[in-house]
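Trainee: Pulled these features from Swiss-Prot for this protein:
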BINDING   78-91, 285-297  NAD(+) binding site
BINDING   99, 109, 138, 227  substrate binding site
BINDING   227, 251, 255  Mg(2+) binding site
SITE      145  site 'Important for catalysis'
SITE      195  site 'Important for catalysis'
């Protein structure tokens, strides 16, 4: 790790500031107990930035992110700003421009089922008795969401719309390399998702992935069509390790993997560019309905910080300790409202304190 690691903190809207406060506790421990040299600066973004500065992504925020080594992001958006034109709303006008500006082409979404929380999964207990730990690797800047032409047309009293799925071989190549590299840190398995029996873009996808796989002979590669993959995840999620997906298919698959864990409040995510600059954020939204009530689950935000430590700072052992602190908290029976079966649950700040204590003491 470099001598001083600079992190831009963007709490955002809704529950973002609340759960970010708990991440700050972990950051303090990293500095005080693990002697990490961190430079932390907080910046405004999203709806709160619109309210205060008239724009969702202020220049000061963008500059602060540019001068940092990583971004720890909270959440943006809420009904309060739904009256704005869609392209000026917090989600469209802050997070998407950040991804574009830094060319964050790869999105990682872990989906892990903790044994203590199996009862929350919508999947039958006999299917998930052995748990699962899946990492979705999604290409984020290509595919049908960005392909041209894309339009909606009304002509001769007939209306039609069209989008274009476009993938270049280099886009597939770089995301495939990342998936195989990550598989080497896990169970050495990659399953690539496509629709190569129908789509030309998927035929190219499969060909490039096959070519890349030859550079990783120790990693087992399999392929599934997207329709079969969605079924297999429900039937036996434990069979998967790393899922390699295009933008559209990754959007679908990562949400499916998330929902079968039982609580999206547990799930972190990370997005990278080719220089390993990353944006780390919870997979869930801003949850404005519970904002300010001190009931949000801070685990996704804390695990997002863990991903920053693991992938950004390359400090796997310290990231493992953060992950272990979360696991120990759950094993000891501590719960927030979203993962509790009764009214005996912890507030957001209390859960953060518990995890912080386990991180310091290790038991």
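Glycine too: its Cβ is placed from the backbone N, Cα and C atoms.
Keep in mind that this is a model prediction, so the values were computed, not measured.
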Trainee: Look at the binding-site residues 82, 227, 251, 255 and tell me which residue has the greatest number of other C-beta atoms within 10 angstroms of its C-beta.
Mentor: 251
Trainee: Check the recorded positions 99, 109, 195 for other C-beta atoms within 10 angstroms of each C-beta and report the one with the most.
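Mentor: That would be 109, with the highest Cβ count within 10 Å.
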Trainee: What is the separation, in Å, between the Cα atoms of residue 195 (site 'Important for catalysis') and residue 291 (NAD(+) binding site)?
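Mentor: Counting only the Cα atoms, the answer is 40 Å.
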Trainee: Rank aside, I only need the closest one: which of the recorded positions 86, 145, 227, 287, 291 has its C-alpha nearest to that of residue 251 (Mg(2+) binding site)?
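Mentor: Nearest in space to residue 251 (Mg(2+) binding site), counting only the recorded positions, is 145.
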Trainee: Specify all same-chain residues, apart from the site residues 227, 251, 255, whose Cβ lies within 8 angstroms of the center of the Cβ atoms of the Mg(2+) site, ordered by sequence.
Mentor: 226, 230, 248, 249, 250, 252, 253, 254, 256
Trainee: So, in DSSP terms, is residue 109 (substrate binding site) helix, strand, or coil?
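Mentor: For residue 109 (substrate binding site) - judged by DSSP and reduced to three states - the answer is strand.
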Trainee: Quick one: what's DSSP say for residue 138 (substrate binding site), helix, strand or coil?
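Mentor: Assignment for residue 138 (substrate binding site) reads strand.
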Trainee: For residue 227 (substrate binding site), which of the binding-site residues 78, 82, 255, 295 has the nearest Cα in space?
Mentor: 255
